[in-house]
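Residues or ranges marked as GTP binding site by Swiss-Prot: 18-25, 86-90, 140-143. Among the features that Swiss-Prot reports, domain 'tr-type G' is placed at 9-277.
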Amino acid sequence: MSGNKVEVDKRRTFAIISHPDAGKTTITEKVLLFGNALQKAGTVKGKKSGQHAKSDWMEMEKDRGISITTSVMQFPYGGALVNLLDTPGHEDFSEDTYRTLTAVDSCLMVIDSAKGVEERTIKLMEVTRLRDTPIVTFMNKLDRDIRDPIDLMDEVESVLNIACAPITWPIGSGKEFKGIYHILRDEVVLYQGGMGHTIQERRVIKGINNPDLEKAIGSYAADLRDEMELVRGASHEFDHAAFLKGELTPVFFGTALGNFGVDHILDGIVEWAPKPLPRESDTRVIMPDEEKFTGFVFKIQANMDPKHRDRVAFMRVCSGRYEQGMKMHHVRIGKDVNVSDALTFMAGDRERAEEAYPGDIIGLHNHGTIRIGDTFTQGEKFRFTGVPNFAPEMFRRIRLRDPLKQKQLLKGLVQLSEEGAVQVFRPIDTNDLIVGAVGVLQFEVVVGRLKSEYNVEAIYEGISVSTARWVYCKDERKLEEFRRKCSQNLALDGGDNLTYIAPTMVNLNLSMERYPDIEFAKTREH
């Protein structure tokens, strides 16, 4: 058992959240560089000579320079073993991002210092609030002209409702960016440009009152001392207990592109972020140091290897230890399975996992039996809770250019819906197929993947659907009557759950008034 505890205590599992273009994929690259996982970091829209960013490994992502799927990367840093989950920054992929946030113990929030708190960041922070996830903040892009740092922190506090404790502080910005002052260590780290792709020694000056500071940065030294007087009086001190409750965020400044300040964030995550936490189930709380293995699936990714049409289920280990060849109990279908070929990840590069501990993410080969939200144990029957499905906000009817490929279309759509890329609805009264998504880009992705992976050419048509709700009723007779009277608005989703497809919000509200015994749910547990 003590061996298990040592491994659990080493783990730090976190995700990076941000508004699109705040620099999240770049920071992922630099974090991996510090973890020795990459020798030279790639940039997303690199020059011809630049490498493609490691975490954007799907063809469509490489073409567009955006992160669409969730990548998982593991690397050692500072005596810890860090699991980084890179989430899609593009606003159209919030469902996938949301589910990823159920698999981590802390988050790194990246903010563009020229723009401040943006809409997508606000939405993602609402999600982290549901589980009081601890948040570390990185104010990025100091190599550009930025807003006043105190204003930035005020905005985070007022808009995101979380106290800010500055750990590092910028000295100048844009062309005048000189470096950062580490408040807790009382040292200035000087900035040099052109070092973004590698790790090199930086010049460090110990002590804010060190005369060497004037020699290095001139009048900025006196400005820094004045600013620090103000900052110390106006901001919160770091409080570890408040951080762990999600009430306070340590704030770091830097530039991911210039690879400056990223090591400070990693130091903070290793020192302060929680080790793997207990997890709720429908029967009890599962502790990470329990002897028996448990885990849950938070994502399914199809076709990670275009050479083999495969699907991989991403599982967060919650307790015990995975060993190659072990027997697991797949709770939902009530079957035992031997797992000898689970995977670990380095963003698309996969290796066979010999062992895994709580906080680790492993991949299980999935031949159509595993769904998002599935629980695996060593025999105990319970279900981990808190992996939700959201009602889509946009709908299209999908049809084929070649009607003979209906079977392939349905297979492709069901697989993509199980993976969480899109939701599929089959109306009870017609042969239509309706696709639901959170944003327009998802529709494009689905058509692209149907063509490249299933050889199916599909096109969309508009459809008068405003929203969808999952419907439940404890009284079987009333549910049957509802089905009979409202069949023109009912459909089955990809998991055969009964769904109400509302043409307008007015229609939905009227139906909710007319059938008070029926529950119309906006979210559904997987």
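Cβ coordinates come from backbone N, Cα and C, glycine included.
Neighbours of LYS24 (GTP binding site), defined as other CB atoms within 10 A of its CB across all chains, total 28.
When pLDDT is averaged over the domain 'tr-type G' (9-277), the result is 84. Other Cβ atoms within 10 Å of the Cβ of THR87 (GTP binding site), summed over all protein chains shown, number 27.
The binding-site residues listed here are ASP21, LEU142; among them, LEU142 has the most other Cβ atoms within 10 Å of its own Cβ. According to DSSP, SER18 (GTP binding site) sits within a strand segment. For SER18 (GTP binding site), the Cβ neighbour count at a 10 Å cut-off comes to 24, with all displayed protein chains included.
In three-state terms derived from DSSP, THR87 (GTP binding site) belongs to neither a helical nor a strand segment and is classed as coil.
Under DSSP, LEU142 (GTP binding site) is assigned to coil, being neither helix nor strand in the three-state scheme.
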